[in-house]
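What follows is one structure encoded as structure tokens, with my remarks underneath.
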Amino acid sequence: MCGIVGILGTEPVAAHLVDALKRLEYRGYDSAGVATLDHGKLGRRRAKGKLSALDKRLDQEPLPGNVGIGHTRWATHGRPTEDNAHPHATDRVAVVHNGIIENFRELREKLIAEGCKFTSETDTEVVAHLVTQELKRGKTPMEAVSASLKQLRGAFALAFLFAGEDDLLIGARRGSPLAIGYGRGEMYLGSDAIALAPFTDTVSYLEDGDWVVLTRKTVQVRDANDKLVERPTIKSMASAMLVDKGNHKHFMAKEIHEQPEVVGHTLAHYIDMVHERVALPSEMPFDWKKLKRLSISACGTAFYAGLVAKYWFERFAKLPVEIDIASEFRYRDAPLEEGDLAIFISQSGETADTLASLRYAKEHKLHVLSVVNVPTSTIARDSDVVMPTLAGPEIGVASTKAFTCQLAVLACLAIAAGRARGELSEADEQKLVHALIEVPRLMTQALTLEPQIEKLAVELSKTRDVLYLGRGTSFPIALEGALKLKEISYIHAEGYAAGELKHGPIALIDEKMPVIVIAPHDRVFDKTVSNMQEVAARGGRIILVTDPKGSQESTIDSAHTLTLPEMASTVTPLVYAVPVQLMAYHTAAVIGTDVDQPRNLAKSVTVE
Ligand code: F6R
């Protein structure tokens, strides 16, 4: 994750920008930079490494100016060098950016053909040139930003500073968060309220697709269609807390909404975006080709991430996978072969059952790889290889963003295995990686289903039981949907492989029973439709989660259809997780349970 800050101040801002960046350092710290405007001219200081390096740079070469932007970076496109550090600038505009510009390659080629000279490997630099080209065509800064935003694809947040415009900052949000801070005669932009806490506690949050034009006295927010909109100001509690809820009622809601951003950052850690290849950050101490079997163990939601991964490893790498609930693994005396690989998945990295399984695998001389969200955790420390998920702190007890980040890491790992074992060609890899790069944007689109899901949740909140069905990689998403709903709303829910319905659970179906069917239009779609028919014939109320093709081709009357965009079938688990999480969240919110700390549960389960 990168951190963004902007200040329209009444005194020199460089030191204040660095102060704010220090509070955002948890988001990234491989390089940092600030840009300010001095007598209308853009000036920039950037440095590789932690913020202290930038501080030193500013001591040696101070940067005057009362308006400026700053950035702390977590490398995505391009290595952590000074050239790749933000702000990126031309002589007309400087920009800081958090997120991924999906179509930067096409834009870069187009801009190079127009004569633009690039000095970095980043996707961000295309934004600076794009806006500059629009300015050169005679557009105002506002018009230039509006025209440029329409050409960008991806999930991101941006802040712009313009040469000659001493009373202007522009910010934009699509997928990644951006807050506006209101000071006395000053205005601010920040990735979160924590960054702005030293200056103000009055903030408002841009909604997805919004962009804002700030002067010292005015704030104009526009939506994605450039229509002026109002975004309420709230009093932030950020100064008192390290992690705040933003403008969400619960941490769980905030964490669901953070997914485009954190999944993007996680993917960027494992993918070479320029060449659309998987680039694992660490060497594997084993040869993928020599593995006979992969064993995966985890608990709860992390187990379901492993279940999705089983489909991927078997399909992409033709590697047989055994998957266990961690509490079962070491007691069933499974024959294990020395030198094989065991993967352990855990958000906290402290789950006792998972840790015990890991130690059991080590005793049997398996290579141990963990996918964890807390890199200092015991599971991470005890592993041969650690593949971190970059979800940031997950506060809500029900896991959401950690789950989709686990899927992101596991997808990359399965592709790497497929390549190493000769089962995927370079072109196959590119196709799979390309689909993954689109996930943050697809997740942002999935989040737009929220108003529809809120209405549906009122209905769900009145039921006692809910069934979830899915086939293929949608089966684990059905299991995850049921787990999410039961743990936070206390409504009884079960997930089933859709084909299993007729082997028992069909007896439960009556006109009161909601049946949530996760069915993207993939190669098993027709089979799932047959299973839906079995439900419909018995009067069950179907809630179908599908895509435009699926909703067109399903001949069954569903009580509700949630339509997600078309996407490659390999990435559906990451995107379909979003509506499933929102259904559970809003149902629990209607019922009024303690969403972030549901009864009887703990975030880190350190007992067996
Ligand atoms: C459910 C949930 C739990 C955890 C499980 C494993 O929403 O959060 O099922 O997934 O307790 O925890 P970690 O991932 O910390 O090992």
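Backbone N, Cα and C define each Cβ position, glycine as well.
As given in TrEMBL:
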{"type": "ACT_SITE", "residues": "C2", "note": "active site, nucleophile"}
{"type": "ACT_SITE", "residues": "K603", "note": "active site, for Fru-6P isomerization activity"}
{"type": "DOMAIN", "residues": "2-217", "note": "domain 'Glutamine amidotransferase type-2'"}
{"type": "DOMAIN", "residues": "284-423", "note": "domain 'SIS'"}
{"type": "DOMAIN", "residues": "456-598", "note": "domain 'SIS'"}
Self-check item: Stretch-averaged pLDDT - the domain 'SIS' (284-423)
Solution: 95
Practice problem: On the DSSP side of things, how many residues of the domain 'SIS' (284-423) fall into helix, strand and coil, could you say? | Solution: 61 helix, 26 strand, 53 coil
Quiz item: With every protein chain in view, how many other Cβ atoms are within 10 Å of the Cβ of the residue listed as 'active site, nucleophile'?
Solution: 29
